[in-house]
Amino acid sequence: MRSTMLKCITIVLVVYLMNQNAHCELQVGFYSYSCGMAEFIVKDEVRKAVSNNPGIAAGLVRMHFHDCFIRGCDASVLLDSTPSNTAEKDSPANKPSLRGYEVIDHAKAQLEAVCPGIVSCADIVAFAARDSVELAGGLGYDVPAGRRDGRISLASDTRTELPPPTFNVNQLTQLFARKGLTQDEMVTLSGAHTIGRSHCSSFSNRLYNFSGTSSQDPSLDPSYAALLKRQCPQGSTNPNLVVPMNPSSPGIADVGYYVDILSNRGLFTSDRTLLTNAETASQVKQNARDGYQWASKFADAMVKMGQISVLTGNAGEIRTNCRVVS
């Protein structure tokens, strides 16, 4: 009798734990019953923002990347600084270059009006990134949801968790590996540079005083370097000077980025370095040849990146205002 009872208790416990684990996993259609219009509301806000300023699409994709690489995809990148803490968004890696905060704010306000306390800011960021890729001409994809929002945001984390534009291929591979992403996924996600812009300070080292023997990076196409020098004059003190990262099609999510790299027109050292390794160089060539294959791989990599160290279940919180801890 006691043995039978113990077996029954064990079975009930196992089933309970399995259900708990299933509950804690991200799910496509997570808000189908609790807030059925959630993804449509976010997409509408993103569409309006991109219609007014196409560059916002790149900003929202980058926001998702910067969020996920620091403490996981928990919307920590959205938290404002306080008198006692400088948050991620105010670090040199994010300010003034990261854009799109107001889009997330507007989407959250709409969602709180319809489904108060239900949709996390972290999921809004993930949905907005997907919608931005699609609006820029990339492939749409299903976003597993159920993330919860974190309570910690430290500017100091950006120094060790985000790849600077000066990283070489080994450094990039190692950093992405720490996040559970393969080298191929690193090359694939680098293709996000197909849209958006960069401040001159992120690559000016390649134009002026490059090394003791060369003032200009010799691996950079001379005509492209000359164009960049006209756009980013040496000694300029204007912090707002920007250039498109993929000048041939800066607003379209295509493989022009990889074509540019093969033509020695990759903007950053972290772009050019993909040709210095046989495996990554091969991946660059494959992506440049097959736009659909890259777009499909990019969608898959975005889904995988969106699941880095997520908070689920009872962890974290659901913020009512994405800028402050509830």
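Residue 1 is the first one shown; counting continues down the chain.
Note: Cβ is positioned from N, Cα and C throughout, glycine not excepted.
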Item to check | CYS322: disulphide-linked cysteine among CYS121, CYS200, CYS232 [source: TrEMBL] | outcome: CYS121
Item to check | Residue among CYS115, CYS232 that, according to TrEMBL, closes a disulfide with CYS200 | outcome: CYS232
Item to check | Local confidence of the prediction over the domain 'Plant heme peroxidase family profile' (25-326), expressed as mean pLDDT | outcome: 96
Next on the checklist: Tell me the Cα distance separating THR194 (Ca(2+) 2 binding site) from ARG62 (site 'Transition state stabilizer'), rounded to the nearest angstrom.
Outcome noted: 12
Checklist entry - For Ca(2+) 1, what surrounds ASP67, GLY72, ASP74, SER76, GLU88 with a Cβ no more than 8 Å from their Cβ centroid? => result CYS68, ILE70, ARG71, CYS73, ALA75, VAL77, ALA122, GLY150, SER153
Next on the checklist: Can you tell me the CA-to-CA distance separating GLU88 (Ca(2+) 1 binding site) and ASP254 (Ca(2+) 2 binding site), as a whole number of Å?
Outcome noted: 29
Next on the checklist: Please report the Cα separation of GLY72 (Ca(2+) 1 binding site) and PRO163 (substrate binding site) in Å, rounded to an integer.
Outcome noted: 15
Checklist outcome for this item: Nearest to SER76 (Ca(2+) 1 binding site) by C-alpha distance, among the binding-site residues HIS193, THR194, ASP254, is HIS193
Checklist outcome for this item: Of the binding-site residues ASP67, PRO163, ASP254, the one whose Cα sits nearest to the Cα of HIS193 (heme b binding site) is ASP254
